[in-house]
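Read through the structure below, which is laid out as structure tokens, and then see the notes.
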Amino acid sequence: MSSTTRPIAILYQSIQPPIVDGVIKPFKPGGYKDSGADIAFNLLAQHYSIVTPNRGILNHNDDELKSIPDLEWVFPDSKEGIEDCLRKGAMVIWANTVLFDDHPLHDLIKLQQAQIENDSEWSDNGLDLRQVTFIGQHPKLVQQFDDKFETNQMLRRENLSVANSILVSTREKLEEMQLIGIYKENIKILEELSVESLHDFGIQFPLIIKPVRGRGSEGVEKVDTFEQLIEKSLELLNQKIQVNDNLNVLKYGYYFIVEEFLNGDELTLTVMPPGTYSIDHQQVEFSKHWALPPVKRFNHMNGVAPYNGIVAVIHNSVALKRMEFTMDEAIQKIMRDCEKAAEWVKAKAPIRIDCRSHHTEDSVQHFKMFDLNMKPT
């Protein structure tokens, strides 16, 4: 369909995600304005119409546009920002942001459903949403599957290959949770753990500790000894962040994930939703979720791929050649697992799944998923 009749507006993150079960997802510095601008610029290069905050609707690309600031391409994901892009002509809203259940976009989706059911354009904001298209995940599902521990447990129950992990906190933090009315099942107490009990959960040193609702590799550490586990765990639990002028919010929450360290190759899989795609100038129909060629990560820092805000992905990532992944049974299996995972989380837009292989003296290479991201960029 020609985009000249379906102008696209790109949203960026301007709203701090809420605290869920005592855990908050850190706000992305810049709010994805840079990747949002990249999306808009490249869509325009492919002859899609782009709605901009101050330049109206752009229908063609030129060299002058390469130098305009990121904010000239994108709208904030606040209620006011979304309504602004609609009033400026957007018929497609691309949510390049972190969504959650109470996000303003979710309210707009509910309003759209009511307008369609009642066959009425009436609304408090005066906007007719019946023909508007939303690109992105469902906000409620993003909030649910941003819990990396619960998501991995769900995928394991579906017999998919997932890294072993447990939830951990201290007695002090668990008491604080009880005082403020937060309840979370199956949290192990740090003071009661031992090398032997970790083995019972399929975890041995070195291992990984990471936030439950993390972003990228922020807060992720590889620890080599039990003493280091105690030290790094307390550091993780005691970091604070300012949210809405509140200085007492724990940056990573009251509990965290302890996960087996996978010592082999790391692959990132982007999985696309079903649909019709233009590939090599041909229209290709996919009836199920499908994976793009895997991207291999390298140049890890202490066993962890560095956050892309520190090291750009072009410096530590390379797409595998077709021969490399089509002839490798282990890679083929994890690609199929990732496609099944995308189906289980009902992905309506691209998702990214980080996977890693594990090598032992008596086993062949096999990959496990360790991090499913509902927002890929």
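Using the three backbone atoms N, Cα and C, a Cβ is placed for every residue, glycine included.
Straight from TrEMBL, the features:
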- 152-271: domain 'ATP-grasp' (DOMAIN)
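Each residue of the domain 'ATP-grasp' (152-271) gets a DSSP state, and the totals for helix, strand and coil are 37 helix, 36 strand, 47 coil. Averaged across the domain 'ATP-grasp' (152-271), pLDDT for the predicted model comes to 94.
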